Amino acid sequence: MSTAIGSWADAGDEFSAPPEIIVNPDGTKTVITFRTNQDGKKVKITQKIREIKVEEKVHPLVALRKNWKKYGKEKNSPPGPDTSTTQLGEKVELKLGLSWKQVEKKEEEEKAQERASKIAVQTIKCRTCGGDHYTAKCPFKDTLGVSTETNQTTPEPSSTQDSSSSQPGRYVPRHLRPDAQGNVQSKEARDDSSTLRISQLNSFVDEDMIRNELLARFGPLQRVTVVRNKESGESRGFAYVTFATEEIAQKALDLLNGKGYHSLILHLEWSKKKKT
Amino acid sequence: MAMRPIKLMGHERSLTQVKYNREGDLLFSVAKDNAASIWFSSNGERLGTLEGHQGVIWSIDVDPETNLCATGGGDLAIKLWKVETGQCVFTWESPSPVRRVAFSSDGKRLLAIADQVMGHIGTISVYDLKTNESDFNNQDIKPSLIIETDQNNSKSNVANFTQDGKFIISGLDNGYVNKYDSNTGELIQSIQAHGIHTEEKNISITDIQFAPEDKSYFITSSKDKTATLIDVESFEILKVYKADAPMNTAAITPVKDFVILGGGQEARNVTTTAESQGKFEARFYHKIFEEEIGRVKGHFGPLNTVAVHPNGAGYASGGEDGFIRVHEFEKSYFDFLFDAERSEKAAASGNI
């Protein structure tokens, strides 16, 4: 029956030339055919075939019944199975064993997971980077997160309840307003893990001196702020410096703490107490 | 292992019974449409259809020589057919719808169950057959024996002859299995096989099939979600197989010590649940250890009938979905052994 049903699979191929058949001395046959493949290229196919005759013994009654004429609805049907009533089904599994339940359960769970992940891919889209995870779990949250989020939310304030800064008609304090790059300077948002507080600075030391002199070899520095008197603008003798990484900050702290700089002995410490 | 079943789609409505002949080369099927089909089991080619019934055909059986086959239907007819030509050679009238027909092992007698409806008391009728080809259409109209199965107002659903033809085993609507003398109709033994293992309310027996080797024991399936193995001689329950859905059919496999159960949720509830929850699988149990060892999916309705190839090489199942699926077992099926069996085998070979 497989030939009757499977024959259509070969029917689509167009043979340009009759196959060349070579009979090998060991009883096998080599069949060489040329056909055009999907890309329109001519392909040479060499098949080595060994013919095996399988003799099957059947009950004489069975052999007799094989030759019975068809009747009823099949009266005028040609020999061989009719594809309208007889088809090969999908493969089905029969795993014998006492653990079949666990095996099946596991498979079903895997399928369910796969399905769930597919749904997740379709529905979850990170607002920060566009990846298939929740925005809160975005690995680029610290670098991209805040800016894109606020950029997106500012033009359509109606949809943002999470950011109080963009609600219309409400006063937003200066330090909570986004800066030119759209960064909201909030205490919570700022990452101070790589920030050092440098005190005992001489009053004439400014940001440029810290950047280019004192901490030149630990650069580039993310942020340098010298704290000044609001009225006179005079330095109060300490500054906050954010390093690129925590390791560099640690290095700077180890090297410079207790060293002299412009007549004064520097004191460096973490700007925030580290969580231990 | 993966099997590639042959799907037979010759019926328009749900299957009611499938049956192999003695050699297993032909598969007989009846459904709730009005034509029986006969198929070559090896390739699924249909030999023909038996046309003549007016409505649902509930049951089919074939004699050992595959000369005659009998069908019984809801149109109050028992029909005898010549398998070779598909001609109906004789028709008996039944007082009520025919639920089951079965030949005796020698093919000389035919039993037919008339359902307990339309004011008729449920009966099992036994007809003596004339098996000479010239007398095919000259059968006795009257049955040689009528057994009234109205025991405690419960009817007989299924029945079959024992190997020697002395007894008729019948499964009842109330979960009992009866053994009658097939010559006198006398009730010899009765046992409650169903309704005692589970709390189910519907304990109707849905199928009886004998062990293929010697018919010395048989399996019954029931709506009470169990199947039982019962010895013909002692009439005791040997084994109980518990399932999680009402069972419509059960069969014993030759070669391997398995039984196959088929069933699933009631047909009327099918539309309300997902396919995966309907439990529409053929279940394989180990005959001796009573453990479920595997399932075969494929149908998308309950299994109404299962038949095992006489040489144990495969099985066929007919479902409420209107399809017959013919499976051929692969090598791993025959290789499968329980740990206990394996160690026993190893011990036996070690001793020799």
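Yeah, the Cβs are placed from backbone N, Cα and C, and that goes for glycine too.
Fair warning: this is a prediction, and the values are worked out from it, not measured in the lab.
Panel annotation: around the repeat 'WD' (B:8-49), residues 55-62, 64-66, 69, 71, 73, 75, 81, 83, 86, 267, 301, 304-311, 313-314, 316-326 of the same chain, lying at least six beyond its termini, place a Cβ under 8 Å from a Cβ of the stretch. The repeat 'WD' annotation in TrEMBL covers B:8-49 (among others).
Sequence-distant contacts of the repeat 'WD' (B:50-91) (same chain, six or more residues past either end, CB-CB distance under 8 Å): 13, 16-17, 19, 21-23, 26, 28-38, 97-103, 105-107, 110, 112-113, 127, 129, 131, 133, 136-139. Under the heading repeat 'WD', TrEMBL lists B:50-91 (among others).
Per-residue confidence over the repeat 'WD' (B:296-326) averages out at a pLDDT of 91. The repeat 'WD' annotation in TrEMBL covers B:296-326 (among others).
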